[in-house]
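Asker: Right, I'll just put the structure down here and ask away after.
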């Protein structure tokens with residue numbers, strides 16, 4: 001019987017190691033740190049999925065902070081509230097813009113008549129999780145580093161709402177923020193206002209930037225857009241980066257497809273069809289040759305990123321799906337599908353892409369299409385980067401590539417906003 005605790009401990013250790021271990025590409029530095037972060041992320045996803053399926057909010061919500069804390073989960077690493085890392089001098093207020101909850105970060109006043117930068121930030125999370133509070137650390141840092149008033153938007157998420165609600169809430173908050181009355185209230189220079197976001201938040205930032213840019217009634221528009229590994233299209237899940245990084249943490253290829261299906265209200269049982277590109281088959285007459293050209297990675301990506309992959313164009317499959325789910329072609333959901341006349345009006349852009357990220361090609365194609373439309377674009381590509389690395393700068397999940405990505409983001413906004 002004395003051996004029983006030791007045997008149990010060994011089995012537990014083996015079980016934890018099996019759960020945590022994921023094969024990593026050689027180019028990712030500090031792989032065990034990423035494995036631990038990924039284990040925490042998967043725990044959050046599984047607990048949240050169980051809560052949504054069984055309606056166990058009352059029982060499971062109290063457990064989420066512990067799941068988030070497991071192996072230094074991203075949310076607690078980004079949140080200064082969980083670690084006492086508040087940035088001195090930054091004032092934080094929870095208010096509403098046009099009825100949408102937002103968290104406002106104000107740096108110390110710079111004296112009477114001194115105008116500051118403004119940044120509207122949309123958090124990531126696959127339109128299914130995340131919050132302004134979760135991103136508290138990085139948004140505080142943006143406010144402090146740039147001497148900017150930062151507005152972090154708490155748009156509603158799946159399963160409470162589907163597309164286009166998150167987009168419409170972000171747009172409403174942005175329009176409110178850009179009114180001269182609000183900018184004057186926070187002493188923000190109307191010529192120095194940015195929109196930014198990561199992952200699904202980068203999707204929302206790009207879509208909102210397009211809408212504001214083409215709105216003739218908007219007297220103040222965003223000066224720049226800063227997109228951090230944005231997700232921008234749902235027609236091709238067989239781009240080189242989707243295939244190369246299908247098993248790389250933390251954003252696995254099936255998980256990104258799942259996020260899209262949830263966002264657009266499509267039955268999850270169709271995931272195998274989407275993974276095979278059957279949803280964008282040539283039978284889908286609404287997907288015109290012009291639309292296909294806007295996501296044609298064979299012409300939009302340089303050879304370095306095309307590598308030796310071949311495009312997957314399916315002849316027959318899921319006829320009529322696009323008509324039933326028009327969100328697949330809606331530029332408010334898929335900004336990469338916007339026409340050149342829309343892109344030409346967009347503000348200067350900064351796009352972060354990472355080599356080990358299924359969304360790499362989305363960002364690279366968008367940067368290319370913006371450039372082709374005459375927009376000034378800076379693309380910082382991190383050869384050792386992975387999805388989610390931005391902001392991972394706090395021990396124990398502090399990554400050198402995360403620190404470099406954050407510093408590059410700050411430097412570009414310093415020089416362009």
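For all residues, glycine too, the Cβ spot is worked out from N, Cα and C.
Heads up, here are the entries from TrEMBL:
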type	residues	note
ACT_SITE	199	active site
ACT_SITE	357	active site
ACT_SITE	387	active site
DOMAIN	119-271	domain 'Alpha/beta hydrolase fold-3'
DOMAIN	327-390	domain 'Alpha/beta hydrolase fold-3'
Asker: May I ask for the distance between residue 199 (active site) and residue 387 (active site), taken between their Cα atoms and rounded to an integer number of Å?
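Answerer: About 8 Å separate the Cα atoms of these two residues.
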Asker: Given residue 357 (active site) and residue 387 (active site), what distance in Å do their CA atoms have, once rounded to a whole number?
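Answerer: With distance taken Cα to Cα, residue 387 (active site) is 5 Å from residue 357 (active site).
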Asker: How many other Cβ atoms sit within 10 Å of the Cβ of residue 357 (active site)?
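Answerer: By my count, 27.
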Asker: Looking only at 199, 387, the active-site residues on record, which one has the least crowded Cβ, with the fewest other Cβ atoms within 10 Å?
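Answerer: Lowest Cβ count within 10 Å among the active-site residues (199, 387) is 387.
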